[in-house]
Amino acid sequence: MGPVMLDVASYELDAEDREVLEHPLVGGVILFTRNFHDAAQLRELVRQIRAASRERLVVSVDQEGGRVQRFRDGFTRLPAAQAFAALNSEPEALRLAEEGGWLMAAEMISMDIDISFAPVLDIGHQSAAIGERSFHANPETALAVAQSFIRGMHSAGMKVTGKHFPGHGAVSADSHKETPRDPRPLAEIRAHDMLIFKALIQRQQLDAIMPAHVIYTEADPRPASGSPYWLKTVLREELGFDGIIFSDDLSMEGAAVMGSYPERAQATLQAGCDMILVCNHREGAVSVLDNLSPVKAEQLTRLYHQGSFSRRELLDSPRWKLANQALTSLSERWQAHKNGEK
């Protein structure tokens, strides 16, 4: 298994997709809305991906809830992370967050999808890229809700990915469109944004982490996703994290400062990433596969899902029915809240 995660073109694999998936550097596939028509088609696409690859790949998606939910029709309408604490008492917020983590993960596992890149652990809502994807502006509240969400994901059989280390919440720029810079003192980032990552690592609740394509100017001129300081010195050595480190998508503008696609891939792997995402740019992905030295990434097998239930079994279960009802209701309440309704 190799360290490259990439995407496929449409609802089913074409000849080029199949050729790419056989490459020994490929270790994963990430799915997008363009890959989804309905649940039966999605399940068949995942089957095709499994059949086309030499080894079992890590199949992933961003199914956070709120505005980041790639699969909608036939799946529960998941609330944005902010909704849990914003609209409920603390005990109810924690209960619903646990059910939200379980439901999201269980619905994906029933499609034979290994991981959804969640939860978002960024603090605060002012960032254009993050906004309602953050659990809360208070680090302690965000930690409590995140722990419940993680407990739910783990109980379904899915590994969790905390993002975007060391924290994307304080920058207004969107790293999909530009390279954001965070000029705050390191002490502030450590005391505020990093607190949640540190606590969850100490409690061994994070299986993987995705760093931010953000330059923290007081620490390193490189984005955190390509920074040995953040990934090796801080995350591995200081915090003792021994899980998987993903790069965020190397096609994002936030990664462009690291050079060409092969240069970005090399920089992120050398900085300490275990798996690199190259999405929505097939030419860039192929150039990485053509130019990257052979790398094995067998540790990625830790990310395979542990569920063994079918979609029918899930939808017939009492827990799914109750969770679906509660989370759909919370999504509707959150939308009404954003629209200014009582």
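Using the three backbone atoms N, Cα and C, a Cβ is placed for every residue, glycine included.
Annotated features in Swiss-Prot:
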BINDING   Asp62, Arg70, Arg133, Lys163, His164  substrate binding site
SITE      Asp174  site 'Important for catalytic activity'
ACT_SITE  His176  active site, proton donor/acceptor
ACT_SITE  Asp248  active site, nucleophile
- [ ] Measuring Cα to Cα, tell me the gap between Asp62 (substrate binding site) and the residue listed as 'active site, nucleophile' in whole angstrom.
- [x] 12
- [ ] Give the maximum pairwise CA distance in Å, whole number, for the residues Asp62, Arg70, Arg133, Lys163, His164 listed as binding substrate.
- [x] 19
Task: His164 (substrate binding site) and Asp248 (active site, nucleophile), distance between Cα atoms, whole Å - done: 8
Task: Surrounding CB atoms that lie within 10 Å of the CB of Arg133 (substrate binding site), all protein chains - done: 26
- [ ] Can you check which residues sit near Lys163 (substrate binding site), meaning Cβ under 8 Å from its Cβ, same chain, 6 or more apart in sequence, and list them in order?
- [x] Phe117, Ala118, Pro119, Val120, Leu121, Asp122, Ile209, Met210, Pro211, Ala212, Asp248
TODO: Could you tally the C-beta atoms, other than its own, that fall within 10 angstroms of the C-beta of His164 (substrate binding site)?
DONE: 28
Task: Secondary structure of Arg70 (substrate binding site) (DSSP, helix/strand/coil) - done: coil
Open item on the list: Going by a 10 angstroms cut-off between Cβ atoms, which of the recorded positions Asp62, Asp248 has the sparsest surroundings?
Closed with: Asp62
TODO: Work out the three-state DSSP category of Arg133 (substrate binding site).
DONE: helix
